[in-house]
Amino acid sequence: MKALETVLLTLALLVLAVVGSPAPSKLSSKIGPNLSRALSDNPETSQNIFIEFSGIQKVLAAVRLTTANIANRGVRNTMLFNALTAHAHESQVEARALLESFGISQGKIKSFWINNHIFIKGADKAIIEALALLPSVTSIEQEIVTYLQRPIIESAASPREPGILAEWNIEKMRSNLVWDAPWGNNGTGVVVGFIDTGVRGTHEAIRDQYMNDGRAWRDPYNQYSVPTDIYNHGTHTVGSVVGKFGIGSAPEAKWIACKGYQDNGGAELSAFTECGQFMVCPTDSSGQNPDCTKTPHVTSNSWGVWPGTTYFEDILDVWRSSGIISVFSNGNEGPTPCGDMLAPADSAKTMGVGATGRNDELASFSSRGPSRYGVLKPDISAPGMSIRSCDCNGDSLYSVFSGTSMSCPNSAGVIALMVGKDRAITYDRVKSLLESTATTSVVTNGETCGNIPDNQFPNNHVGHGRIDAYAAVEAI
């Protein structure tokens with residue numbers, strides 16, 4: 001009780017200090033450039049913001065030591081969750097008390113344990129200045145809405161063509177050969193998570209693979225309680241991983257999904273954060289009752305935001321700590337300039353995937369590396385041109401799209417086959433095998449990015465080469 005009284009007294013003094021005599025020079029180091037600009041241009045306008053508190057790296061290091069000899073993944077991830085939630089609660093108590101003193105309703109606040117952030121809708125300048133004075137607050141920035149890169153739609157939706165056992169991309173990666181190999185598999189027992197525009201969960205090619213265990217769907221915008229896709233993007237990506245009828249590499253794997261994008265293709269950073277958290281400890285459809293025993297093995301992420309941001313680094317670290325193997329689309333900013341790719345694909349903590357065509361040519365739209373950190377990107381490439389998969393406009397409709405949004409799930413499907421052979425395989429092992437078994441028999445154009453010509457491997461055009469499912473799974 002005494003500690004709470006001390007916190008409240010401190011907050012009261014801070015509020016008086018802000019109201020009586022704000023000190024902009026002391027606040028500027030914590031208030032980010034976008035938010036500072038918004039406050040200067042429109043001081044009377046409330047802002048959507050996020051608050052960063054102390055980092056999670058020490059917590060992750062401690063959890064790794066504590067859980068090193070624990071074989072059960074669910075137990076390890078529950079311990080990870082408990083440690084991160086305790087850290088977030090302790091770090092955020094001061095700020096939450098301040099927000100309560102300002103009368104900010106709980107409906108305008110979202111607290112996250114995965115990266116120790118709080119998001120607030122409609123914070124005015126006085127609140128922001130008061131928050132910046134708190135010792136526990138590391139930084140405050142404006143929340144920015146980002147929009148999905150729409151893929152190239154190459155055909156209108158139509159029923160599937162009978163007699164096709166495997167689409168060209170599945171055959172090109174040799175995923176279909178894995179299904180029938182003596183050591184092969186079709187993804188049985190593997191769970192793949194998707195952050196996207198949603199999913200038409202009733203589509204004939206993917207409905208039986210929905211996990212459907214009460215911890216398989218989350219819409220952070222609270223519009224849909226069951227898997228739904230209006231934008232027509234997420235349904236297509238899910239099909240390329242788990243789809244039946246020859247459209248997916250791992251047709252017996254299960255899927256879960258979180259709706260990172262709204263129906264208009266816009267996404268809030270808070271939604272991406274909640275989806276990242278959902279993948280570690282899936283919740284029910286209302287966002288409650290997390291269960292860390294249901295973490296997916298793989299996440300397929302056909303999305304990205306402005307290049308160079310480090311916002312997702314902590315989330316990627318938690319994913320790695322929880323055993324998630326993630327891939328991201330490299331972006332559709334090609335053919336020029338070099339290095340104009342999306343985050344988080346540009347991070348060294350995940351795999352960025354470029355796009356190739358039927359003849360192993362690099363897609364003109366596929367973003368080239370290196371990343372703004374100087375990291376070679378993409379790490380790997382996969383078919384991403386003229387890919388047939390599920391369409392959200394009907395349960396038996398299919399459409400053909402092109403984009404790195406298509407190459408990303410093609411690689412995720414191959415990873416699902418790798419996990420199907422070795423359930424304990426690690427991110428580092430998967431990445432190493434994908435890179436070492438990739439084919440370098442790709443078409444080169446004499447281009448150079450990051451001082452590496454495209455006929456030298458690895459390079460900043462196709463990475464280590466085009467993915468080969470059969471070779472990668474056989475090597476395990």
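Glycine is treated like the rest: Cβ placed from N, Cα and C.
The signal peptide feature in TrEMBL is assigned to 1-20. Residues annotated as domain 'Peptidase S8/S53' in TrEMBL: 187-444. Residues or ranges marked as active site, charge relay system by TrEMBL: ASP196, HIS233, SER405.
The C-beta environment of SER405 (active site, charge relay system), restricted to residues of the same chain at least 6 apart in sequence and closer than 8 Å, consists of GLN149, PRO151, HIS233, HIS236, THR237, SER302, TRP303, SER329, ASN332, GLY384. According to DSSP, HIS233 (active site, charge relay system) is assigned to coil rather than to any helix or strand.
Each residue in the domain 'Peptidase S8/S53' (187-444) has a pLDDT score, and their mean in this model is 98.
According to DSSP, SER405 (active site, charge relay system) is assigned to a helical segment.
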